[in-house]
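Working notes, beginning with the structure itself.
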Amino acid sequence: MAEYTLKVTTGSMLHAGTLDNLYVTLIGTERQSERTQLTSLGLDDTNGKVGTFAVTTLFTLGCLLFLKMEKDPLEKDWFCSTIVVTTPEGDEMIFPCHRWLSKGEFVLLRGGRATKAFEDLHPKLVDQRKKELVQQKIMYKWALYAEGLPYMVDIKDVNALPAESRISFSRAFEIQKTKKEIHAEFELKGLTDLDQQFESFEALKMASLVKKTPLAEYVSEHWKDDDFFGHQFLNGNNPFIIQRCSKLPSNFPLTEEMVQPFLAIGSSLNAEMKEGNIFLSDYKIMEGLDTKVIDGKPTVVTPALCLLYLNPQKKLLPIAIQLSQQPSEENPIFLPTDSESDWMLAKMFVRSADALHHILVSHLLRTHLLPEVFTMATLRNLPNNHPLRKLLTPHHRFTIPINIIARENLLGPGGFFSKSSLDKEGQLELMRRGLSRTTYSSLCLPENIAARGLESIPNFHFRDDALRLWSIINSFIQSMVAYYYPSDSEVSADSELQEWINEIFYHGFLGNYDSGFPSSLQTVEGLIQVVTTVVFTSSASHSAGNRGQFDYLGWIPNGPLILNKAPPTTKEQSSMEDILAYLPKKSNAILAMKYGWLFRGNFSDFEPLGTYPEQRFAEPAALQMIEDFQAELSSLSVAITKRNAKLELPFNYLNPKEIENSPGI
């Protein structure tokens, strides 16, 4: 007789346990075991429980290929984490599962080392690998979201997803709990469903600080300050617009005389441009977008040009703002020496354009819709035993269900984005333009920073932290990829990998060769770069834009998604009392505050970057690489915390402890 010992681990999440009977069949190269019942007494319904069982056979089974696990068709679903099998010879083999089993369902698990398709030699392995991908492609079908935008999953109801692809019970509960708590707090203060303007900045502040953070309070006190306005181009929600300016655009007719008072004594605009101290944020992408009509008048989104100066004190200050792309008498260039209200309104229109660009392009498009394409391509083309599937799975967690919810609750009729200046077509067009401008190099952070000439501008904490993160992630990916792909020929020979990258190219970048994104992979170096980009975009880039949305946009004047009046076309016609009339109505403003707070994403099942709580790799070398990765991230976290202790405005959005593995909110 031969005995195989099984250690079966239940998941640690809510409602993971079971009282049902389970049945297992071991399948080897020589023969398979009898269907063996695993009594529920060994597991009960406790989360995280480990049960030990034995499967006996007359003869050894040969090399183990599969483990078939079945569940009684009686009680609730059960989440199986892993099954570790010890053979009669004393060898251990891990069978990762990490999925829910429904009533009467079975799953065929693959154990052992991660493999690529051409490494599977046994006919049963080859056949099962093909069947798995066929099933995945049936479940996860592509659908067109809108012309000119990345494709999406062809599922509109999150409950139609496989259970393991849905949002966890705990996160779903906490999202609903947070929504109810926020609504109750605003209701307590009489601040719900109010179709009126705020009567004073004091009333606005009372509403904004129903929920508060130290940084949100700072913003409410300093939003008018020029140096804080400049600070946000580097360390706010959207540090992806600003670039060094060596020559003024032809449609920005700024003269030396206009800006001379704001430059160092004895200097000039040309001299400062040569020194690399002049920067430009150009919102041309916003030009001509369809906007909502309110009371018979269209709202306005300004395709502004904002010129900034790095002064001798190393502060980045705005020195000129033009609110439309085409110069004219009705499109004046606003300056810091204009009236307080004129200058304030010009900055508000810039901040409004920046907030819309951040939410729809930098955040939604680049760190949600593209990661959905990455996730879909992985699920459809890389079987569970593929090394890249094991590596990327934590970075795909919750991506698909969160996007399904976002398309309904945020982008759908009456949703959050319906309260912005842009109508539905305007929102889609902005994202289309964003995708057409998204290149492979713009997603590769070091190239992005260099292309915008921002390598040396001081106090750019986003750049400093992001470059270190990119380096750490890249080093980890390099080690893992080199381990599983020791030569270029193994990359080019991996048919599943080629299908994966091809689907990303065609369904994410719409087959646009000008994007620079590859449609195939032929080298180890090329694969490392792509995987680094996927991981960085899904984790760090998402965190940089998501974690601070309440901090910077919770104070509505600092980033209004809608302004109720057209921008001034002449100077000296506004007053500080007029500014309140430009701001969103109470109901719109409060909705923005509520979602900003929710998007902070402080959930009990938060998985920080570098954690791999689901054991998928069995190889000691891969496990050691993960440990080394975690150690590097921990060192960076310590360094960021130490740096932040010396800053008036800490930048913590790229602290590895604060970055979730995936865009899970």
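Along the chain as shown, residues are numbered 1 onward.
The backbone N, Cα and C atoms fix where each Cβ goes, and this holds for glycine too.
According to TrEMBL, the feature Ca(2+) binding site maps to Gly17, Asp77. As annotated by TrEMBL, Fe cation binding site applies to His363, His368, His542. What TrEMBL lists as domain 'PLAT' is 2-115. Taken from TrEMBL, the feature domain 'Lipoxygenase' covers 115-665. As annotated by TrEMBL, site 'Essential for stabilizing binding to COTL1' applies to Trp100.
Locations of recorded TrEMBL features on the structure.
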residue: Asp77; record: Ca(2+) binding site; contacts (Cβ under 8 Å, 6+ apart): His15, Thr18, Trp100, Leu101, Ser102, Lys103, Ala163
residue: His363; record: Fe cation binding site; contacts (Cβ under 8 Å, 6+ apart): Asn237, His542, Gly545, Asn546
residue: His368; record: Fe cation binding site; contacts (Cβ under 8 Å, 6+ apart): Thr399, Ile402, Asn403, Ala406, His542, Pro663
DSSP residue counts for the domain 'PLAT' (2-115), split into helix, strand and coil: 3 helix, 60 strand, 51 coil
Near-site residues: Fe cation, ref His363, His368, His542, CB cutoff 8 A to centroid: Ser362, Leu364, Leu365, Arg366, Thr367, Pro371, Ser541, Gly545, Asn546, Pro663
Gly17 (Ca(2+) binding site) CB neighbourhood, other CB atoms within 10 A: 20
Residue with minimal Cβ packing [other Cβ atoms within 10 Å] among the recorded positions Trp100, His542: Trp100
Mean of the pLDDT scores, which run from 0 to 100, over the domain 'Lipoxygenase' (115-665): 95
